[in-house]
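Colleague: Following this message is one structure expressed as structure tokens.
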Amino acid sequence: MAERVVLAYSGGLDTSVGIGWLKDATGKDVVALAIDVGQEGEDMEVIRQRALDCGAVEAVVIDARDEFANDYLMPALKANALYQKRYPLVSALSRPLIAKHLASTAIALGADSVAHGCTGKGNDQVRFEAAVAALAPDLISLAPVRDFALTRDKAIVYAAEHNLPIVQSKKSPYSIDQNVWGRAVETGFLEDPWNAPIEDLYTYSQDPAIPREATEVTITFTEGIPTAIDGKPVTPLEAVVQLNRLAGDQGIGRIDIVEDRLVGIKSREVYESPAGLTLIAAHEELENLTIERDLARYKRGVESKWSELVYDGLWFSGLKRSLDVFIDDTQRYVSGEVRLELHAGKATVTGRKSEQSLYDFDLATYDTGDTFDQSQAKGFIEIWSLPSKISARRDHAAGGSIEA
Ligand code: ARG
């Protein structure tokens with residue numbers, strides 16, 4: 001029996017042609033693995049059949065939507081994960097999950113290799129292969145598009161010659177990756193970073209400029225995780241799906257950014273992540289209410305490191321694992337409710353409350369009933385500024401002075 005390779009199959013041109021290419025180049029039988037991560041508007045059964053029609057010896061579909069939400073999106077939410085402060089890691093979060101299923105399917109079927117359809121210019125190749133290396137170090141990773149120089153033109157010719165059932169009629173100029181956390185759109189006219197995005201690019205969000213009534217929504221969190229929307233209990237996946245609709249209908253979640261890829265290229269990316277940005281805004285504000293100052297400040301630094309690790313393909317790494325333990329511990333009191341107004345492309349927090357709140361009205365108020373003893377502030381500032389005062393005296397004695 002021929003050796004087997006398990007290919008992460010999306011149903012698109014590259015991975016469809018990749019089935020034949022892998023077989024031709026390696027002699028291995030190709031098993032196609034399609035993972036449902038909540039990509040909107042794609043029928044997984046059609047994709048499965050297409051893999052078989054393109055020559056896969058076996059085609060497997062795994063519904064990983066709940067696993068994706070529970071084990072990948074929720075850690076990202078607890079980390080308020082935004083790469084370069086803006087990108088909610090849409091594609092970066094799905095890669096380790098897909099890689100995990102690639103590795104476990106390969107091991108279960110006795111395959112010696114896995115494969116993906118990434119080019120050699122992006123982050124996703126790194127994420128797939130670094131994750132597979134960390135999970136199953138003996139598996140071989142193959143990348144037909146990259147390693148066999150499979151260009152788009154060659155792929156189209158190959159598909160035609162072999163009568164592959166790929167519909168290339170509505171040729172989209174964009175490279176799109178999507179899952180329930182959002183969509184990533186690149187290439188086409190967007191490659192000129194001066195070109196403004198057009199309405200056509202978006203499917204998860206409506207045009208924010210269209211006048212419409214605001215939507216009010218209340219999200220309940222339990223230890224950092226959304227557990228109810230407007231009082232109705234939800235699973236993490238349901239929370240994301242519902243907020244994609246509520247926030248997406250208000251044009252929320254669009255991101256247009258020049259991004260620093262791990263491979264050194266700067267690229268122009270357009271994203272939409274209605275639920276992602278709404279949940280992060282709400283969660284971060286609940287943290288402001290429930291996490292003490294020094295922990296909150298320190299955590300913001302950890303969040304940025306966490307986001308870079310995940311962006312850079314190090315989901316299954318020691319540092320990321322240890323940061324997760326820290327982040328989980330910070331969520332102990334992040335329970336309560338956040339009310340948001342969703343309107344005109346913006347999710348604005350308008351209220352927050354928690355039984356674990358650290359907000360003390362009597363301390364904060366400027367009205368009567370104030371329990372904060374202001375006379376203590378004077379001595380505090382005296383001691384707080386003592387190091388500055390002493391060093392300033394030395395600076396002046398040495399002839400230096402601060403620009404003032
Ligand atoms: N640049 C983004 C990232 O690295 C998105 C990649 C999207 N992939 C794609 N094939 N369009 O996470």
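Cβ atoms here come from the backbone N, Cα and C positions, even for glycine.
What TrEMBL records for ALA8, TYR9, SER10, GLY11, GLY12, LEU13, ASP14, THR15, SER16, GLY117 is ATP binding site. Among the features that TrEMBL reports, L-citrulline binding site is placed at TYR87, ASN123, ARG127, SER175, GLU259, TYR271. Marked as L-aspartate binding site by TrEMBL: THR119, ASN123, ASP124. The domain 'Arginosuccinate synthase-like N-terminal' feature in TrEMBL is assigned to 4-165. Residues or ranges marked as domain 'Arginosuccinate synthase C-terminal' in TrEMBL: 174-390.
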Colleague: Take the C-alpha atoms of THR119 (L-aspartate binding site) and TYR271 (L-citrulline binding site) and report the distance between them in angstrom, rounded.
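Modeller: So the alpha carbons of THR119 (L-aspartate binding site) and TYR271 (L-citrulline binding site) sit roughly 20 Å from each other.
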Colleague: Based on a Cβ-to-ligand 1 distance below 6 Å, what subset of the binding-site residues GLY12, ASP14, TYR87, THR119, ASN123, ARG127 would you report?
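Modeller: Passing the 6 Å Cβ check against ligand 1: ASN123.
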Colleague: What three-state class does DSSP give ASP14 (ATP binding site)?
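Modeller: In three-state terms, ASP14 (ATP binding site) counts as helix.
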Colleague: Counting every protein chain present, what is the number of Cβ atoms, excluding its own, within 10 Å of the Cβ of TYR87 (L-citrulline binding site)?
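Modeller: Other Cβ atoms within 10 Å of TYR87 (L-citrulline binding site): 22.
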Colleague: Indicate whether ALA8 (ATP binding site) is helix, strand or coil by DSSP.
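Modeller: Where ALA8 (ATP binding site) sits, the three-state DSSP reduction gives strand.
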Colleague: When the Cα of ARG127 (L-citrulline binding site) is compared with the Cα of each of the binding-site residues ALA8, GLY12, SER16, which one is closest?
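Modeller: Comparing Cα positions, the closest of these binding-site residues turns out to be ALA8.
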Colleague: Indicate the candidate from ASP124, GLU259 with the smallest number of other Cβ atoms within 10 Å of its Cβ, considering only these binding-site residues.
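Modeller: Least crowded of the binding-site residues ASP124, GLU259, by Cβ count within 10 Å, is GLU259.
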Colleague: So for SER16 (ATP binding site), how many other CB atoms are inside 10 Å of its CB?
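Modeller: Taking all protein chains shown, SER16 (ATP binding site) has 29 Cβ neighbours within 10 Å.
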Colleague: Which secondary structure state does DSSP assign to SER175 (L-citrulline binding site), in the simple three-class scheme?
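Modeller: Note: SER175 (L-citrulline binding site) is in a strand by DSSP.
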Colleague: What are the non-local neighbours of ASN123 (L-citrulline binding site), defined as same-chain residues 6+ apart in sequence with CB under 8 A from its CB?
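Modeller: Sequence-distant Cβ neighbours: SER91, ALA92, ARG261, LEU262, VAL263, TYR311, ASP312, GLY313.
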Colleague: For GLY12 (ATP binding site) and SER175 (L-citrulline binding site), what Cα-Cα distance in Å is obtained after rounding to a whole number?
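Modeller: Cα-Cα distance, GLY12 (ATP binding site) to SER175 (L-citrulline binding site): 10 Å.
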Colleague: Neighbourhood of the ATP site (ALA8, TYR9, SER10, GLY11, GLY12, LEU13, ASP14, THR15, SER16, GLY117): other residues with Cβ within 8 Å of the Cβ centroid, in order?
Modeller: GLY18
Colleague: What other residues of this chain sit with their CB within 8 A of the center of the CB atoms of THR119, ASN123, ASP124, the recorded L-aspartate site?
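Modeller: Here the nearby residues are CYS118, LYS121, GLY122, GLN125, VAL126, ARG127, VAL263.
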Colleague: Report the same-chain neighbours of SER175 (L-citrulline binding site): residues 6+ apart in sequence with Cβ closer than 8 Å to its Cβ, ordered by sequence.
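Modeller: Expected: VAL185, GLU186, THR187.
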